[in-house]
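Reviewing the structure listed below.
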């Protein structure tokens with residue numbers, strides 16, 4: 001929040017100075033705001049691969065949903081490039097990185113990073129946007145759902161690159177941008193058209209075995225990220241040759257396309273079968289996705305909290321305070337809350353609320369637009385608020 005101005009300034013200084021001299025493009029696979037570039041190629045080929053690999057035994061509902069997805073292909077492409085242009089994003093793209101061996105992005109693992117560590121990672125972003133996509137799809141909002149799915153696949157593509165799962169940034173190596181430019185310029189020759197099997201064979205069949213969506217998604221992503229990280233050290237650093245880079249781009253871009261096809265296959269089965277990833281699962285964490293109104297002065301610098309009360313009367317509350325500026329007019333902010341009692345089911349939570357506490361004697365009013373709460377890969381609360389919250393106030397959302 002703005003009140004933590006010192007570290008915000010540190011982060012801003014890093015953003016302007018550490019990336020200087022490398023490039024203004026500090027993200028992973030290239031992508032343009034109009035839905036073109038390497039990221040868009042990956043998702044487009046992912047759908048094409050799945051269509052080519054579809055077994056004749058696939059349920060009609062899956063086929064129908066695949067057709068709906070194809071009808072919204074441009075939204076998938078736009079979503080796949082949007083995270084690199086999102087005005088709400090972290091300046092250093094910290095949440096686009098994920099080391100599959102440490103479960104961290106570079107803000108926790110790299111010694112040169114002196115500002116706040118960022119809890120979100122490329123892997124957690126995949127799960128968040130997949131949950132939002134599934135929720136909107138089941139409501140019939142296919143356009144928005146497909147855009148969210150594209151965002152999820154952006155992060156999946158990021159953690160398949162050699163540099164992002166190795167937590168090697170443009171600060172650590174000039175090769176970060178150079179390699180991804182190399183891949184972008186040659187992306188057409190790295191296209192694949194099949195995962196090498198039909199959807200009733202091992203690769204796709206294994207994708208459907210684990211009904212715990214969060215657990216499946218994390219381990220599925222981990223497998224591809226480990227390959228990308230290994231390729232960085234064996235073929236993609238600045239010490240490697242052009243032939244090595246060609247091999248690295250060929251392998252990791254093929255993995256991105258194949259992995260995307262598999263992820264979309266899981267998504268289509270989940271929405272076609274009405275799978276509820278949260279049934280019977282203990283809730284270890286809650287993810288809040290909060291939209292602040294775009295109305296003038298809707299944001300706040302006051303303290304903001306999220307709390308729950310369980311049926312046995314116990315309460316837990318967390319401060320919502322991301323590094324830098326959050327709760328700004330028109331912003332969308334994400335917060336992850338770890339529960340003390342890991343044996344809770346979602347139905348054990350009786351009440352949820354957000355609370356505002358004055359930071360100064362002259363508090364801001366705050367106008368949230370919407371809040372969604374995600375548990376175990378499912379949106380369990382979707383609350384339109386659109387009310388001004390003034391002073392020291394509590395707003396119940398459940």
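Glycine too: its Cβ is placed from the backbone N, Cα and C atoms.
Lifted from Swiss-Prot, the feature list:
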- 84, 96, 154, 158: Zn(2+) 3 binding site (BINDING)
- 300, 301, 325, 326: Ca(2+) 3 binding site (BINDING)
- 321, 322, 324, 326: Ca(2+) 2 binding site (BINDING)
- 29-278: domain 'Zn-dependent PLC' (DOMAIN)
- 284-398: domain 'PLAT' (DOMAIN)
- 275-283: region 'Linker' (REGION)
- 1-28: signal peptide (SIGNAL)
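On the structure: features taken from Swiss-Prot.
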residue: 84; record: Zn(2+) 3 binding site; DSSP (3 states): helix
residue: 96; record: Zn(2+) 3 binding site; DSSP (3 states): helix
residue: 158; record: Zn(2+) 3 binding site; DSSP (3 states): helix
residue: 300; record: Ca(2+) 3 binding site; DSSP (3 states): coil
residue: 321; record: Ca(2+) 2 binding site; DSSP (3 states): coil
residue: 326; record: Ca(2+) 3 binding site; DSSP (3 states): coil
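Confidence for the region 'Linker' (275-283), expressed as mean pLDDT, is 86. Residue 301 (Ca(2+) 3 binding site) has its Cα within 10 Å of the Cα of none of the binding-site residues 154, 158, 322, 324.
For residue 300 (Ca(2+) 3 binding site), the count of additional Cβ atoms within 10 Å of its Cβ stands at 25 [all protein chains shown]. Long-range Cβ proximity for residue 154 (Zn(2+) 3 binding site), meaning a same-chain Cβ under 8 A and a gap of 6 or more residues, is found for 31, 39, 79, 80, 81, 82, 83, 84. Of the listed binding-site residues, namely 84, 158, 301, 326, the sparsest CB environment within 10 A is found at 301. Fewest Cβ neighbours within 10 Å among the binding-site residues 96, 322: that distinction goes to 322. Cα-Cα distance from residue 326 (Ca(2+) 3 binding site) to residue 158 (Zn(2+) 3 binding site): 24 Å (rounded to the nearest whole number). All chains included, 20 other C-beta atoms sit within 10 angstroms of the C-beta of residue 324 (Ca(2+) 2 binding site).
For residue 321 (Ca(2+) 2 binding site), other Cβ atoms within 10 Å of its Cβ number 17. Rounded to a whole value, the Cα-Cα separation of residue 300 (Ca(2+) 3 binding site) and residue 96 (Zn(2+) 3 binding site) is 27 Å.
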